[in-house]
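S.K.: I'd like to ask some things about the structure below.
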Amino acid sequence: MAHGNDCRPALEDGADQQQPLILDRVERETGKKWQTVVSKRLKKHCTPQKAKSKILGFVPILKWLPQYQLRDWILGDVMSGVIVGILLVPQSIAYSLLASQDPIYGLYTSFFASIIYALLGTSRHISVGIFGVLCLLVGQVVDRELALAGYLTESSSNSSDVLLAGQGNGSIGVACDRSCYAITVGATVTFTAGVYQVLMGLLQVGFVSVYLSDSLLSGFATGASLTILTSQFKYLLGLKIPRPQGWFTLFKTWYSLLTNLGSTNICDLVTSLVCLAILLPTKELNDRFKSKLKAPIPFELFVVIIATLASHFGHFNTDYGSDVAGDIPTGFLPPQLPLWSLIPSVAVDAFSIAIVGFAITVSLSEMFAKKHGYTVDANQEMYAIGFCNILPSFFRCFTTSAALTKTLVKESTGCQTQISGLVSALILLLVLLVIAPLFYSLQKCVLAVIIVVNLRGALRKFTDIPSMWRANRIDAAIWLVTMATSALVNTELGLLVGVLVSAFCVLGRTQQAHVLELGRAASREHYEGLSHYRGLQTHPGVAVFRYEAPIYYANQSLFKKSLYKCVGLDPVKEKSRRVKFEKSKRREEAKSSHSSRNVVIDCSAVLFLDTAGVGALKEVRKDYAELGVKVVLAHCNTSVLDTLERGGYCPDKKGGDVGENKMIFFTIADAVHYLQSLCAANGDHDTKC
């Protein structure tokens, strides 16, 4: 029974009527002191078992390593770790170029990320390290800050120094050349992005990843891939031109390429074409026969080795002016702090980098976890990827995230746990301590070829546009807008525009919802739209309608307009018409012009209401009541019932008059029977079924 202002579905008292469904709501506990609530929660959560679980949850390796099945898993982990480690060597060096860094820093980044994620990550399969889109975003920030510091092109590496103490890092004044300042900027951006990610983990906002849909992320990655592709042409052609800043960089880059085409380095061009001719078909062979191969053949590494030997013995750098990797030191440099004074300049860039890195990592983690039947913790992934950025930033590293290509290789070669990540780190350590200097003569155009070849997967998405359009036009539109903005206008802006377009599409769907008139199935109490199914029956004197969207401030007027149109009676216009008839002394004719037709609103598809939505329902009920039309609700969920109660939808009971509060029913059938009983009570026997 409803009491006072209670909007619980009501019970009809008439003994001759069908008994409506009645359910007792569980009363929520109210009025408790906050001290009592806090005390209860502390007792519940602050136990030794909970503390142990939290610690193990923060460092997941402590939980799964004691359960490691050595005989069953070690071979697959070692094999996948070695293969991914071999692939990481050329890719780490190559993607350093994209991030405007020296090759050694790419190796550092992959090494530290592999170790830290193995300790803190919850996915067994993803490979965390250098990711092309993030390298592009970092590189854009680095080039901008280099230009502001006075470094115009890469050839100006020795033309000027920046005094780090003068920049406000609080250390002894140290002259910093272009390479030093570039990694200082990159590490500062990485540190800031990592702090954002850890803070989001602390605030338990791992759920934000759900707002970045697959179509949005795919469009963003494809648009960024076009920018990456364009940025590598200067290396393929051997041109020394600065990376343009600001918006429309794609057009600016192509303009610079075309105007400097006459300065192409023939040695670099020929090397690029030869490497492309080798890598493109061999990578396709790897993809085509991956089911038959125990492990992908590391053609990239072979090309790097052969190209390095050819460049060294052919004196490509000295005789032909080909740009090479240069000195790659062994070992590790001492840690250094980020440049604190630079953080305000890169804070906005770091936030977009943090969001992209986290979203990519979580989406890949969840995809492979679902495939292999385990779960990942989105907030712990936020911590893991955050510390994969914070800690390495002190060792001159740049931003990392999960990478799809290397994750697929890792999974296909037998990976079982993140022990494979530790094995990959050992391979990289061997390179850092012994092999790195041997890559001195490696041409940068070869590294650019490796980057371009690895963009094939993202660029193939263009061939999927027709199928995406057929499957879902809204998702396809989000993909196209995000891709175009990322590629043609600005990479970071593309992400923001994609989020906004997605949000507006969701809002737009609530604006396009319409009221449907429902009919009853002949064999059972089930109601569906009359315009969608044949053979449905209507009830004389009672019409049933459904609105398939929330009712809130943005669409409440559209709801009323659609309802009035579907009912065929606009109460506002009808009242005006009756006033005119009254003035012309034809009131009875006006009253008889519309037969009595009571209304049931099926709220099963109304997920929520706000104050404006409650007001709209009140207005509909009041306006129709003035015309003698009764409006009741059915199938309201508990959230809607609570909102209606708080909004005062049901008037107070007076003198035990139960009939006044019969406005909400659990089922459509109960609502229909109640309205038909009103018709019978009023003498409208011809309208009762």
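Yeah, the Cβs are placed from backbone N, Cα and C, and that goes for glycine too.
Just so you know, TrEMBL annotations never went through curation; they're auto-generated.
According to TrEMBL, the protein has these features:
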TRANSMEM  73-98  transmembrane segment
TRANSMEM  125-142  transmembrane segment
TRANSMEM  181-203  transmembrane segment
TRANSMEM  215-237  transmembrane segment
TRANSMEM  301-318  transmembrane segment
TRANSMEM  338-362  transmembrane segment
TRANSMEM  383-405  transmembrane segment
TRANSMEM  425-455  transmembrane segment
TRANSMEM  476-504  transmembrane segment
DOMAIN    532-675  domain 'STAS'
S.K.: Are there 3 or more C-beta pairs under 8 Å linking the transmembrane segment (383-405) with the transmembrane segment (215-237), counting only pairs at least 6 apart in sequence?
M.R.: no
S.K.: Honestly, do the transmembrane segment (181-203) and the transmembrane segment (476-504) touch, with at least three Cβ pairs under 8 Å and pairs 6 or more apart in sequence?
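M.R.: No, these stretches are not in contact.
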S.K.: Tell me, please, if the transmembrane segment (73-98) and the transmembrane segment (301-318) are in contact, taking contact as 3+ Cβ pairs under 8 Å between residues separated by 6 or more positions?
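M.R.: Contact between the transmembrane segment (73-98) and the transmembrane segment (301-318): present.
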S.K.: Kindly state the mean pLDDT of the domain 'STAS' (532-675) in the predicted structure.
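M.R.: Summarising the domain 'STAS' (532-675) by its mean pLDDT gives 80.
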S.K.: Need a quick answer: max count of Cβ pairs under 8 Å to the transmembrane segment (476-504), which of 301-318, 338-362, 383-405 is it?
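M.R.: Result: 338-362.
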S.K.: Going along the chain, which residues at least six beyond the ends of the transmembrane segment (301-318) come within the CB cut-off of under 8 Å?
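M.R.: Residues packing against the transmembrane segment (301-318) from afar: 86-87, 89-90, 93, 267, 271, 275, 278-279, 324, 438-443, 446, 449-450.
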